[in-house]
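Per Swiss-Prot, the features are:
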ACT_SITE  C55  active site, nucleophile
ACT_SITE  C58  active site, nucleophile
ACT_SITE  C190  active site, nucleophile
ACT_SITE  C193  active site, nucleophile
DOMAIN    20-133  domain 'Thioredoxin 1'
MOTIF     436-439  motif 'Prevents secretion from ER'
SIGNAL    1-19  signal peptide
Amino acid sequence: MARLGFGLVSCTFFLAASGLYSSSDDVIELTPSNFNREVIQSNSLWLVEFYAPWCGHCQRLTPEWKKAATALKDVVKVGAVDADKHQSLGGQYGVQGFPTIKIFGANKNKPEDYQGGRTGEAIVDAALSALRQLVKDRLSGRSGGYSSGKQGRGDSSSKKDVIELTDDTFDKNVLDSDDVWMVEFYAPWCGHCKNLEPEWATAATEVKEQTKGKVKLAAVDATVNQVLANRYGIRGFPTIKIFQKGEAPVDYDGGRTRSDIVSRALDLFSDNAPPPELLEIINEDVAKKMCEEHQLCVVAVLPHILDTGAARNSYLEILLKLADKYKKKMWGWLWTEAGAQSELENALGIGGFGYPAMARINARKMKFALLKGSFSEQGINEFLRELSFGRASTAPVGGGSFPAITAREPWDGRDGELPVEDDIDLSDVELDDLEKDEL
């Protein structure tokens, strides 16, 4: 059973944006500033709820969550993250709906989704079951407890995506590259560097995956590579610098947690990435590439060219503008003409609201959400924003699989032309005959 999904949440009213828990509760409030210290670097088993204060399901869970936290006190840690306020932390763990509950066991980098009931008793049972399994794993030697990757600089498996640079390799890799580089200058004996290492290593893997290698994380042993250390004025450890082609390096002054580093890297990627492609659905390859190779894809169905003429370009301009605005999300963007992909429209229930129409598809889960507001920059922006926060309702794609796509020629960019009617030759028609017919 999957965790509470994007489409199973129906939080339909808002409350003041205040947390559901207080310091007097046994539930530990978690934020980006303390999450790594409290959870990731802990040997304890953690149950963490990602919630939004306005969510009705979260409000109903609150007393049960508090009850479980009290029962499990000093046995299992029970925490909560306001994911509406701390979106970077929710995004880091793929939170798309509220509440989402995750169990952080031996491997804190791979939490498990909680699949049980929402009562205090069910939560306690699940926690004790997970704790029992953790102890068994430790007894059998399969787990050493805390495993966030703190194996030291010599263990390449813990930092496989961190690129080690030297005086000899730095210029070719960094200065001659079109990619963005975040480079840590460290000293092996430095305690702060050792604390940063697992965060840097884990962030490197996430950044590589999310930016397709366009932002790279690297490390330089400044005690050995003193040419580089002197060139960039390294006086303390760790020092992190950001290198972008054609620009002077700048110091990274953000937080030292994985989420902080990933967030900054994605901002750099967004600033430097070109706008996403907006492709017309002309065959199955185009549709599946944009939907199956991206976490989500946005599909617009525009009116027939004979119904809009030059207005089609206005619609496309709106889509391009919003694709650029949301490029950090790395969604796929598609459009088609009304009636051109009838099976796709049927599978998404498009057409009932008229055209233009829009749907957002999660091809992995075969779920979609429809735009029910205005097809305008403001209306679409609000739709996409609600989706980002997990507030929009979704439904299964009709048929349970990606619909068949009809191959067609791409739009040539010109206005449509009405079919020309054949001229009728009236030379053989006798007017006298017409007058008789009228009589």
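Cβ atoms here come from the backbone N, Cα and C positions, even for glycine.
Rounded to a whole value, the Cα-Cα separation of C193 (active site, nucleophile) and C58 (active site, nucleophile) is 39 Å. Neighbour density at the Cβ, taken as the number of other Cβ atoms within 10 Å, is lowest among the active-site residues C55, C58, C190, C193 for C190. If you average pLDDT over the motif 'Prevents secretion from ER' (436-439) in this model, you get 51. Break the domain 'Thioredoxin 1' (20-133) down by DSSP state and the numbers are 42 helix, 22 strand, 50 coil.
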